[in-house]
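What follows is a set of notes on a single structure, which appears directly below.
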Amino acid sequence: MACHFDLLTSLFLIAIFIPLGGKLCESATTFTIVNDCNETVWPGIITPGLNFHGGGFALKPGQSAIFTAADVWGGRIWGRTGCSFDKNGSGKCQTGACGTTLNCTSPGKPPASIAEFNLGDIDYYDVSLVDGFNLPITISPTNGTGNCSVAGCDADLRQKCPSELALKTDGKIIACKSACEAFNTDQYCCRGAYGNPISCVATNYSRSFKQACPVAYSYAFDDPTSILTCNAPEYIVTFCPSRNQTACSYHDKKLNCNASKGSKELSHTWWWLLILPLASMINLGLPIR
């Protein structure tokens, strides 16, 4: 498992994406992004209002990458699909596009499944389908205290997407729009007279999202239990997670996981597999494959 980046991107990764041990410092949180899809995913990472914008790399099936953020970081992580970029990083994506560049400087274009974080003394996190769905995605805290349940959606909503919400390319459904994007009405978009949790209630469309993905936000005023809390040194964001993947929840002052200890060691293996090719290739100025 390795990654493919140009020299400039590799320098960026050396500075931003590789933690030493668990954290770069006591105030850092580690994010591991894993692609378990059968297609290449181009992650987008953005912090509204701040200068940290990221992505700028591709994850082939089975690959992963790591970055660290301050413990007061807030931002979004999502996946772009069907992308094509030239050597200068210019191009386009079929879903989740953040403009015409490899490195994101703006939020992803709907429809897109989004992992959202607001880190602090207590970390808040959720997976939002308010802007639609393009990939299954989950957030899994590691070694945390608090609720620390897995958030997100491991179902593929594209498979049963209503025709009126379907985004297609060459006859294939590549994403499922939100009702707001598809119909652009106040009722579906929770605006105007519907801009409050009393008048903006679940619709048949958001209910179908919620039924398939009960631990994800399905519309603007969805059940607040869709936002989870934890205090963890590491979060794993997985695209196309398996339904039998390791899942941990913190209960009775203990972290309980549904897999063996051997599964936990995997998260440490990932970043070594990423570091070694980077360290050797960066001196040669060669692409990392």
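The backbone N, Cα and C atoms fix where each Cβ goes, glycine too.
Curation plays no part in TrEMBL annotations; they are all automatic predictions.
Taken verbatim from TrEMBL:
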DISULFID  Cys37-Cys240  disulfide bond
DISULFID  Cys83-Cys93  disulfide bond
DISULFID  Cys98-Cys104  disulfide bond
DISULFID  Cys148-Cys230  disulfide bond
DISULFID  Cys153-Cys213  disulfide bond
DISULFID  Cys161-Cys176  disulfide bond
DISULFID  Cys180-Cys189  disulfide bond
DISULFID  Cys190-Cys200  disulfide bond
SIGNAL    1-22  signal peptide
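Cys189 (disulfide bond) is 25 Å away from Cys104 (disulfide bond) when you measure Cα to Cα. Neighbour count (other Cβ atoms within 10 Å of the Cβ, all protein chains): 25 for Cys148 (disulfide bond). The Cβ of Cys240 has fewer other Cβ atoms within 10 Å than any other of the disulfide-bonded residues Cys153, Cys240. Among the disulfide-bonded residues Cys148, Cys161, Cys176, Cys230, no residue is found with its Cα located within 10 Å of the Cα of Cys93 (disulfide bond).
Note: the Cα of Cys161 (disulfide bond) and the Cα of Cys213 (disulfide bond) are spaced 13 Å from each other.
The disulfide-bonded residues near Cys153 (disulfide bond), taking a 10 angstroms Cα-Cα threshold over the set Cys37, Cys98, Cys176, Cys180, Cys200, Cys240, are Cys240. In the three-state DSSP assignment, the secondary structure recorded for Cys176 (disulfide bond) is strand.
Each of the disulfide-bonded residues Cys37, Cys83 was scored by the other Cβ atoms within 10 Å of its Cβ; the lowest score goes to Cys83. In the structure as shown, the Cβ atom of Cys93 (disulfide bond) sits within 10 Å of 23 other Cβ atoms. Least crowded of the disulfide-bonded residues (Cys189, Cys230), judged by neighbouring Cβ atoms within 10 Å of its own Cβ: Cys189.
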